[in-house]
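Contents: one structure, followed by commentary.
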Amino acid sequence: MEIAERYSAGKRVLVEHPAVALLGAVLLYLLSDLILKTANVSIAPWGVHLIGGQLPVSNLGRFVLDGLIVGLVVGLAGVGLSMTYGILNFANFAHGDYITTGAFAGWLTAYIIGFLTLPVDPPFGDIFLFAESSLVSVVNAPVAIVLGLVASGLGTVGVVLLLDRWVYRPMRDKGGIPLLIASIGVALALRYAIVFVFGTSASGVTSTSDIPQFEIPLGDGRIPLDLHEITLIVAAIALMFGVHFLLQRTKLGKAMRAMADNKDLAQVTGIPTERIIRATWIIGGGLAGVAGFLIVLERGVISFNMGWRLLLLIFAGVILGGIGSVYGAMAGGIIIGIASRVSLVWIPSDFARVAAFTVMILVLLYRPEGLFGGVKTA
Amino acid sequence: MSVGQRLWRAVPSSIKEDDKRLIIALLAGTYLLYAVSQVYLALMNNADVFPAVANSLQNLTFLIAVYAIMALALNLHWGYTGLFNIGIAGFMAVGVYSMSILAAPPGGSPPGFGLPVPIALIGALVITAIVGGIAALPALQLEADYLAIVTVGLSEIIRLVLNADYFSGTVTDPQSNSYNVVNLFGFKFGTGGGQGINTPTSSPASYLYGPSGDPNAIGELAYGIGVSLGVNNSVVNGFTYGMFLLLFVVTAYYVLLVRIGNSPFGRVLKAIREDELVAQSLGKDTRWVKIKVFMVGCALMGLGGILWQGSFGFVNPNTFRPIVTFYIFTALIVGGSGSNTGSVVGGAVFAAFLFEGPRQLARVVEAAMGGLLITVSGPGASLPSPNNFYVAFSTLDPLGWLGYTIGNISSLRFILLGVVLVYMMQNRSEGLLGHRKEIAASVDLSERKGNVAPTDGGETNE
Amino acid sequence: MNTDTAGSPEAKGPDELPDIEDSDVEKAAQETPRGLPLRVLNLEKRFGGITAVDGVSFEVEEGSLTGLIGPNGAGKSTTFNCITGVHEADGGRVLFKGDDITGRKPYEIADRGLVRTFQIARELEEMTVLENLMLAPRGQIGEKLYRSVTPGLRGEVIEQETEIREEVWETLEFFEIDHLAEEYAGNLSGGQRKLLELARALMVDPDVLLLDEPFAGVNPSLEAKLLEQIHTLREEGYTFLLVEHDIDLIMENCEHIIVMHQGKLLAEGPPEEIRNNDRVIDAYLGEDI
Ligand SMILES: Nc1ncnc2c1ncn2[C@@H]1O[C@H](COP(=O)(O)OP(=O)(O)OP(=O)(O)O)[C@@H](O)[C@H]1O
Ligand SMILES: [Mg+2]
């Protein structure tokens, strides 16, 4: 009975949304392929390779871990994008540059503290411009890293609030498109203000020489993992729980969730109060800034367009998770991150981002409410 | 703004009300400004005046023309139909790459189809239109801001695919492990990947003047005139091509788009922009109209890309970053989206004052300060040029700050762009000319055949 | 596009799809004579928990002026939306001149000659009044892109445009808004917008017109004139279905009245019958019918 029902439901999907059905079939194939590959099974009747192959479990593990790292950053940054999209009703193209702002604010702080505490003596100008490369790490200057992390959040919050005051607040009554265009303007101004000060060349900022490496045994191999990666994972997950706590336990958080999750309610109750908007910017901007700091910690390199380059991936995560949903943004970001790395099993690395953007477009077309749409995040 | 308003009021109304005169007056003013500043620069730098002016103006002409072309094409999507397409760079890339691949010799690296340039050009337009038609499908069901994300995503997908090594066709030896020629039904081609690809024309003026080594009679004449004025051949070529773009292509785009706009079809476009449901409730099949308009607009963008980025003999995928799209959007917004005249004005204002203007201003300021310093502190004095922000601003020397600012004018230019975009959105979203009524009809609606006595007006009462 | 009305995808469970098995509806649909301009069978529309239209059936006779009344929230506008394809009905059928038009797109329905106005006038704000009216007529050859741009073919387009322009000016004069011809529709007052909306719908030259409170905000003398025009058009063979809150107006002008209440059909018949119908009186408790 139930099977028959499910069967007919499946049939309806096939008829009404052939593209969705096709997508489902492709996903199913890829998943089976992955399982067979890790089991080292290849099915190739009559010499035609059908499915499977070989892929050491440890390789897959590394892909997943890399993806998780990217995904946590994307998810963390996505919270703000999703909330502003839900509450202020516009796609903020400057969000990527909030990440960059956070990275520069945080690492400048970390560098200055490193300069003050570490036994190094470069000219201060080299510190200020990150010209003294690979100065700090979690091991040699943990205080600098922690304060940098805090500064990345606070600095971005400051910038974001100023930008709201100057740019977005006078435009509250305008539609989504004027706001979107203005946010492109903000993105350009912010990015090139950073260039004006720090220049366009990328700088290596973290010292990796003395940080401990761990190896997680998995299957037939090991997955390397260093302390910076662990720091990122721990910090990002802790912050996500922090956001969860904030949204669930505080009154303000509940109001924000209601506003972001439910556009209709937001419309019924009218324009959200300035207090909620400010809180949105503070949380969203702060998380974006911290995400920027963390991704630099992991990659070791800081550059003026790092946030902009992440922006579309973040959009992909937010859309996947359902625009306006905070948990959706986190989950969507993690899925996009992991999928973009695991996709390397099948496609050359040139196409990882292509795949992520394609998924984003398909979701917008066929499931604009996101993967978890309809399932209310209570 | 009040300065701008006063300036605008100072313009005689005979110019303001006539599109052609308005555009010509704007261009003339801009050229004059550039010519004067260039004369000043040449005098300060002890360079020959005429070649310097000619070079500057040919560059300006080209930029004005290409931005006007692109703004006109975008106006069809955004200004008329309200389709928020921010994937322009991608469609330009499709145009330029299609033409380059179709025209590239089959034996080359990357190999191509070896078609003659005119056929490759037509093929490229068809391909861009088809890609545009596919891109239109999301536009049928998505709201404007979702469409924005889809189109910018699509343009990045296009750029990344062109950039990928996998299709680049640079390794043509089939035995090689890294063989990467695309084989489509036996036709072999490649994109050139990150290295870029040759476009079939490196000097468009050679169609008129003959090959550079061996010019024809017209070429001899033109180059001769150039020589007598002290202007070298490449400037003559550049001027010729810029003028061709400005006088013929911009005009052709303008006429075509005015015709599209001022027609029953254009009326449906406007209705879609204003309220698609109303258009549908009046029996207009807006879906099909949107597909058509996407195809035409994208083909025009592709052609614009070919005439612009395709004219240097070489492109690579990074030419087509989203920033190009934002430039074009800024041009259209400044000019006034919805107005074709505004698009041309926007293209000119953007190219002359937002894109090239800050650089020109920096040059003039640099020269003026140099001159001033020499008169004040004697020969040999010059504006300091600190090589980084820290050095510049830790010296507490205002001249150092100025020197650094001038040296980094290109990043300040982006900041200016951002500020202009925000300003326009906050205060003047209709742009310079967007308030104009460009009535979507192929006849003058205020006029009547006149069997009814015009007692109650119906005449223009403006 | 405005999302809350424009064909936005509504959540639909498996059993909420148009119910085709309903043999009565099916049979009735087949038996509908082609001459009958509009027939609604068992129409249903739900919004989440609310059933806005709950199994409504009625007919509109050719050349009639039929009134549709009901208290606020009765489902009148929603019925219009389902008939004209703005909303997808959850059940039931809509037959136009004997053809099943259920689930068709708004433009297909309008193109067949069934046109509606909106209760809250939806103007094309940044188009002038003239452009608004020029847009409306069906069968404009210039709506084909190639005809608009190909030099040799533009002559016919211009010819047709000139003709339409005449009609537009006549319509403007009739509606007494010719002095606003060159104004942007967005600058009109509420009443003027309603006039423009009605004028625009008439410019389509449809067979059947669904008017959703067309006189709201229109001054009484013009209202009388419009009614007169509607009667004239009706004699020429046009069919009208009119939603109006002014019950006296409906009683005086319509020969057939449909009453809806809470999504259901409450009563149907000529004015005298409706006036004395107990259920209608209950629904309009306190109001003088
Ligand atoms: N788009 C919508 N989404 C949700 N509910 C709706 C929507 N449109 C109408 N409704 C609901 O459906 C019911 C019927 O509304 P409808 O507008 O059809 O009434 P009406 O008879 O036209 O009323 P009025 O005389 O006030 O115009 C109402 O309860 C209304 O709230
Ligand atoms: Mg109503």
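Cβ atoms are placed via backbone N, Cα and C, with glycine included.
As annotated by TrEMBL, transmembrane segment applies to B:21-44, B:56-76, B:83-103, B:115-137, B:144-162, B:238-257, B:293-314, B:326-354, B:361-381, B:401-423.
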Answer key: the stretch among B:83-103, B:144-162, B:293-314, B:361-381 with most Cβ pairs under 8 A to the transmembrane segment (B:115-137) is B:293-314
Looking at the transmembrane segment (B:293-314) and the transmembrane segment (B:401-423), are there 3+ C-beta pairs under 8 A, with each pair at least 6 apart in sequence?
no
Other same-chain positions with a Cβ less than 8 Å from the transmembrane segment (B:361-381) and lying at least 6 residues past its termini are 37, 40-41, 44-45, 399, 402, 405-406, 409
Sequence-distant residues near the transmembrane segment (B:21-44) by C-beta distance (under 8 Å, 6 or more away from its ends) are 11, 14-15, 52-53, 56-57, 60, 64, 341, 344-345, 348-349, 352-353, 360, 363-364, 367-368, 370-371
Take the transmembrane segment (B:401-423) and find every residue of the same chain, 6 or more past its ends, with a Cβ under 8 Å from one of its Cβ atoms.
326-327, 330, 333-334, 354-355, 358-359, 361-362, 365-366, 369, 383-386, 388-389, 391-393
